[in-house]
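K.L.:
Questions regarding the structure given below will be posed in turn.
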Ligand SMILES: O=C(O)CCC(=O)N[C@@H](CCC(=O)O)C(=O)O
Ligand SMILES: [Zn+2]
């Protein structure tokens with residue numbers, strides 16, 4: 001009986017990974033009055049006896065080999081189930097792709113984080129487990145926010161790790177807001193997680209964070225915590241502030257933020273997105289070159305068949321270079337520093 005087992009060991013991750021293809025719904029209460037509902041494998045909902053004003057989704061493992069965030073979320077869920085962490089906000093925790101976590105790979109057949117906002121059903125349709133999972137995750141997030149009701153604050157933090165090392169070890173991606181202002185309080189929350197580098201996207205995307213932001217009005221971010229490493233090889237001390245801050249957020253115990261100063265942040269916007277067009281796409285720098293590295297004007301960055309991509313702007317820096325993506329998908333972003341004065345609330 002999962003309820004009994006979970007109340008004793010708190011190990012929802014183990015239960016998820018033992019049942020990667022699905023878990024029957026279950027519902028139970030904790031001694032402190034928190035209601036717990038299992039909606040599916042990797043999908044667990046907590047409703048405190050008295051809820052604050054914020055509905056929070058925490059997700060991890062959308063890419064199966066990005067383990068540090070999975071460890072952070074598994075420990076947070078464990079401490080909630082064991083009554084060691086007090087909850088004061090409605091919370092949905094998602095382990096995105098259990099089969100890929102078991103496999104220790106980014107994906108099984110298709111990149112889950114390119115399938116949201118209905119992309120799961122485009123083209124060939126719901127032909128693989130990742131497409132069906134993307135649709136299911138959208139439905140769970142919709143159910144969660146709709147049950148909370150309108151007029152409440154909504155947040156989603158989708159926790160990832162980058163494939164490469166980064167000049168800024170931790171950074172966030174803020175999905176395109178369609179002209180809405182950025183929120184100082186969200187930047188301050190990220191800073192409390194020791195995330196002071198933020199990439200501000202300029203176009204819609206098929207990512208989970210864009211879906212939550214655009215379809216549900218959530219304050220949503222993809223948060224990159226270090227570099228991909230197998231379970232057991234993460235130095236979790238490097239993410240201690242992020243972990244503490246997320247715990248404080250769900251407990252309604254965030255200490256007041258210090259005053260917002262743009263100078264405390266490294267803000268970037270996308271100057272151009274380079275999509276892979278042929279099987280011959282090739283990066284012209286080494287695998288250990290870090291995210292946010294920039295090169296002199298004119299330097300050759302990548303070739304794609306006859307196409308050449310060279311540095312076009314002073315200060316242009318690389319993020320997420322990956323020659324192994326599927327054809328048609330983004331193989332690299334080129335970013336430039338951004339001034340947001342006057343566009344913040
Ligand atoms: O390091 C990489 O190349 C990828 C790390 C990662 O999974 N990043 C996310 C970012 C999502 C976003 O743009 O909001 C992804 O590529 O899905
Ligand atoms: Zn990822």
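Just so it is clear, glycine is given a Cβ too, placed from its N, Cα and C backbone atoms.
Because TrEMBL annotations are produced automatically, they should be read as predictions rather than curated entries.
Annotation comment: TrEMBL describes 224 as active site. The Zn(2+) binding site feature in TrEMBL is assigned to 63, 66, 160. What TrEMBL records for 55-249 is domain 'Succinylglutamate desuccinylase/Aspartoacylase catalytic'. Sequence annotations record features per position, and here TrEMBL assigns domain 'AstE/AspA barrel-sandwich hybrid' to 264-338.
Set these features in their place in the structure for me.
P.N.:
Secondary structure at residue 224 (active site), taken from DSSP and collapsed to helix, strand or coil, is strand.
Counting only same-chain residues at least 6 apart in sequence, those with a Cβ under 8 Å from the Cβ of residue 63 (Zn(2+) binding site) are 96, 97, 100, 106, 107, 111, 112, 113, 160. For the recorded site, residue 63 (Zn(2+) binding site), the DSSP three-state label reads coil.
Across the domain 'AstE/AspA barrel-sandwich hybrid' (264-338), DSSP classifies residues as 1 helix, 34 strand, 40 coil.
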K.L.:
What is the separation, in Å, between the Cα atoms of residue 224 (active site) and residue 66 (Zn(2+) binding site)?
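P.N.:
About 9 Å separate the Cα atoms of these two residues.
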K.L.:
Determine, from DSSP, whether residue 160 (Zn(2+) binding site) sits in helix, strand or coil.
P.N.:
strand
K.L.:
Using a Cβ-Cβ cut-off under 8 angstroms and a sequence gap of six or more, which residues of the chain neighbour residue 66 (Zn(2+) binding site)?
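P.N.:
Long-range Cβ contacts: 60, 106, 159, 160, 161, 228.
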